[in-house]
Amino acid sequence: MAKITYIEHNGTEHVVDVANGLTVMEGARDNGIPGIEADCGGACACSTCHVYVAPEWVEKLPAREDMEEDMLDFAYEPDPARSRLTCQIKVTDALDGLVVQMPEKQI
Ligand code: FES
């Protein structure tokens, strides 16, 4: 279980507990948090689950796989250092305290 803070583009914060084994995208979806659309349902085929990871978390997350790297090219204003697709991040205890920020829009 990890407590994850999702920050909408307008600054609204949502702090929720997400069970291990779910993805960071599923944590947002299951809690009705706006700003992560996840059109492809988590198949790494859409880029609408894009977020910016808080700088202090960038190095703590597992590295991006090639497929995630490729899909991020289609995201809205990706940041080479901080952008991630939330459907590709599995929740574990190690993610407790994670902070992610949604982009202005999803495309
Ligand atoms: S939900 Fe489509 S890429 Fe993450």
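Along the chain as shown, the residues are counted starting at 1.
Each Cβ is built from the backbone N, Cα and C atoms, and glycine gets one as well.
Here TrEMBL flags 2-106 as domain '2Fe-2S ferredoxin-type'. For the domain '2Fe-2S ferredoxin-type' (2-106), the mean pLDDT of the prediction comes to 98.
Taking DSSP states H, G and I as helix and E and B as strand, the domain '2Fe-2S ferredoxin-type' (2-106) has 26 helix, 24 strand, 55 coil.
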